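Below is one structure, written out as structure tokens; the observations come after it.
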Amino acid sequence: MALKSYKPTTPGQRGLVLIDRSELWKGRPVKSLTEGLTKSGGRNNTGRITSRRRGGGAKRLYRIVDFKRNKFDVAATVERIEYDPNRTAFIALIKYEDGEQAYILAPQRLAVGDKVVASAKADIKPGNAMPFSGMPIGTIVHNIEMKPGKGGQIARAAGTYAQFVGRDGGYAQIRLSSGELRMVRQECMATVGAVSNPDNSNQNYGKAGRMRHKGIRPSVRGVAMNPIDHPHGGGEGRTSGGRTPVTPWGKDTKGTRTRNKNKASQKLIIRSRHAKKKGR
């Protein structure tokens, strides 16, 4: 999909760059593959804000996407490519030979009428899913499982992908787009290709109202607040904050590592995504 640039006929149109979605399905989603979605407004079960700057936005239906791809050796045909408001990637409606329908993440270069299959060893074509044990080294993949049978968790956002770079014992080595090199079990499933909509990051929404439609509220700088609200707040006139940048709770906010070093999966990371910054 290409990008659409608009002429500055109004202030909201100036600089506006959106994704051209003219080739996507224009109807409603399959009713049996959707369910209701209640907005939380960034609040948890106690009603307190745990994720700031969220609220409002257009109503959405949740599309049930098959991340597991565990219907083996049954070919499916791509019926249509659809927009999904709940993710940055597009989704594809597929129909299996036995009549069952499902939504999957649409990879790049997947077209209406294409055949896809999940198998222990399938052709290297966009949309086909298989475990790493049946995949040639060098394959570009997305929707990668971290635990066999759990469903894909890695490389699901628009334009993302990972590369299968090697095998070691019972593990497959994959290089993520962040630069991280990590291992997953060879029994884990992955789908061939890179995720659709790679131009998503090049959009410019042009006005605050469009972000409100998406459910994103304004971000207020700490230095614009009062001292009761933020460590950078207060002062006479405009100030610089007077200390290293911190969160509203006083923790360093720029570049501080927050990952728990005692995570069980830590030993599966061969090369950190931060390694290139260290010059390694």
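A Cβ is built for glycine as well, from the same backbone N, Cα and C atoms used for every other residue.
Look at Swiss-Prot and you will find 256-266 tagged as compositional bias 'Basic residues'. Beyond the ends of the compositional bias 'Basic residues' (256-266), by six or more residues, the same chain brings 146, 274 to within a C-beta distance below 8 angstroms of the stretch.
Sequence-distant neighbours of the region 'Disordered' (33-55) (same chain, 6+ residues past either end, Cβ-Cβ under 8 Å): 61-64, 86, 93, 101-103, 215-219. As annotated by Swiss-Prot, region 'Disordered' applies to 33-55 (among others).
Sequence annotations record features per position, and here Swiss-Prot assigns region 'Disordered' to 224-266 (among others).
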